[in-house]
Amino acid sequence: MPNVSASNDTICAIATPPGRGGVGVIRISGPDAFELARRLSARAPEARRFFLADLRDDQGEVIDQALVLGFRGPASFTGEDVVELQTHGSPVVLEMLLERLVRLGARRARPGEFSERAYLNDRMDLAQAEAIADLIAAGTAQAARAASRSLEGVFSRLVDALHHDLVELRVWVEAALDFPDEDVDFLADGQVAARLDALRTRLDELIEQARAGRLLNDGLRVAIIGKPNAGKSSLLNAMTRRDSAIVTDIPGTTRDVLRETIELGGLPVTLADTAGLRDTEDRVEIEGVRRAEREMHAADLLFWVVDIEDEAAHLPPGLPPELPFIRINNKIDRVGREPRREGRSVDLSALEGRGLDLLEQAVREVLGLQSDGGGEFSARQRHIDALVKAREPLDRGARELAATGSGELLAEELRMAAEALAEITGRMSSDELLGHIFSSFCIGK
Ligand code: GDP
């Protein structure tokens with residue numbers, strides 16, 4: 001929870017990546033940040049101004065020249081006093097400066113500690129703090145834009161708004177329970193059921209968006225499956241536009257699992273070409289088939305490649321039932337057909353690389369991605385888990401309300417749902433918000 005502790009130590013760390021570069025940045029945060037910088041540079045930093053100074057060691061020898069930049073809390077990244085030292089990007093210089101700062105009383109920061117302090121000091125919520133890490137790790141421009149939107153608070157605001165409305169509905173239901181003599185029977189007039197339905201719909205939409213957002217972060221794992229010689233390796237090659245898989249017309253060539261990461265409309269996609277799924281006596285190939293099955297179970301999506309002339313094609317048994325797949329009818333060039341898409345089925349030619357755009361469309365449709373390549377914001381599995389956890393009590397509450405017409409159980413289910421949502425931002429305790437809403441709720445007439 002924010003504001004539970006104010007840190008009284010000052011931390012420091014190298015903020016630029018390891019290695020040599022033009023510029024290296026040391027970040028200092030905490031109550032002594034300005035004083036430590038003054039000791040190093042012989043000049044007191046001023047908020048939001050920078051100056052050039054020689055930074056010296058204990059003997060007064062110059063370590064390096066640096067730009068010294070100060071931020072006074074709370075208007076800083078961490079909410080504390082922060083100083084950034086921009087030196088030359090030499091690991092040796094940076095390390096000497098860190099050692100000097102530690103001798104002066106600072107502590108080396110733990111990983112993520114600056115962001116953690118930003119969260120503890122209420123500069124951002126948990127989802128935003130996570131978005132910083134996701135922005136830094138982003139694999140595509142689209143993923144970076146989505147993380148940046150999460151960092152800016154797009155996702156958090158949607159979660160907060162839903163949380164707020166859940167609590168409001170709960171207050172409403174509790175009012176009906178506590179004041180049964182009121183003129184209006186809150187529960188009977190269908191309003192509560194309608195509002196509950198609307199909230200469930202919004203939650204479902206948010207889950208969908210968060211799923212798309214997670215894919216942007218983690219990338220999509222696609223397993224390419226199908227009989228030997230259907231054209232799996234050719235498809236992988238066509239999509240990566242490189243000869244990374246060995247293509248032959250001898251069935252069973254792809255014995256291991258080949259993996260390639262490509263960008264598909266802004267989404268990082270890892271394609272895994274699996275060994276042909278078939279009964280085989282070859283021991284090496286048996287291992288390949290085993291790996292193919294493992295790959296299939298770890299995938300988000302299957303490309304099921306079928307030779308368009310193969311009348312007897314059927315999905316291999318034992319697929320996870322919720323795992324979506326796209327059927328790819330390959331080798332249209334052999335039968336003189338044009339690329340075509342019908343929902344989750346695409347006719348194409350891997351050999352000629354025709355129809356790949358339709359495959360991309362099908363991927364988008366299956367995943368519910370927007371045409372610009374992905375979700376509105378980035379999200380993590382933790383967020384999806386929390387959203388799904390919030391949906392269960394809402395579903396139960398709706399059933400109970402319909403069955404009993406009473407709000408007794410519903411109020412508790414609403415409380416549980418709001419609590420699950422609050423885990424995402426880590427910002428609000430629902431009681432806090434309850435107090436806020438109660439204070440403006442004119443019930444005591
Ligand atoms: P895999 O065993 O499923 O990986 O199949 P390959 O990609 O190794 O392809 C098997 C054979 O089919 C090779 O001779 C490919 O050149 C051929 N092939 C693959 N895709 C096409 C296609 O779209 N059109 C035609 N005419 N041949 C294809």
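Here the Cβ of each residue, glycine as well, is placed from N, Cα and C on the backbone.
These come from TrEMBL:
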BINDING   ARG27, GLU84, ARG123, LYS445  (6S)-5-formyl-5,6,7,8-tetrahydrofolate binding site
BINDING   229-234, 248-254, 273-276  GTP binding site
BINDING   ASN229, THR248, ILE250, THR253  K(+) binding site
BINDING   SER233, THR254  Mg(2+) binding site
DOMAIN    219-368  domain 'TrmE-type G'
Using CB under 6 Å from any atom of ligand 1, narrow the binding-site residues ARG27, GLU84, ARG123 to the ones that qualify. none
With a 10 Å radius around each C-beta, find which of these binding-site residues (ARG123, LYS232) has the fewest other C-beta atoms nearby. ARG123
When a 10 Å sphere is centred on the Cβ of SER233 (Mg(2+) binding site), how many other Cβ atoms does it contain? 23
Please work out the mean pLDDT for the residues of the domain 'TrmE-type G' (219-368). 80
What's the CA to CA span in angstrom from ARG123 ((6S)-5-formyl-5,6,7,8-tetrahydrofolate binding site) over to LYS232 (GTP binding site)? 49
Determine the Cβ neighbour count for ASN229 (GTP binding site): the number of other Cβ atoms within 10 Å of its Cβ. 21
Can you check what DSSP calls SER233 (Mg(2+) binding site), collapsed to helix, strand or coil? helix
Can you tell me how far the Cα of ARG27 ((6S)-5-formyl-5,6,7,8-tetrahydrofolate binding site) sits from the Cα of LYS232 (GTP binding site), in Å? 50
Report the same-chain neighbours of GLU84 ((6S)-5-formyl-5,6,7,8-tetrahydrofolate binding site): residues 6+ apart in sequence with Cβ closer than 8 Å to its Cβ, ordered by sequence. ALA15, VAL25, ILE26, ARG27, ILE28, VAL68, LEU69, PHE71
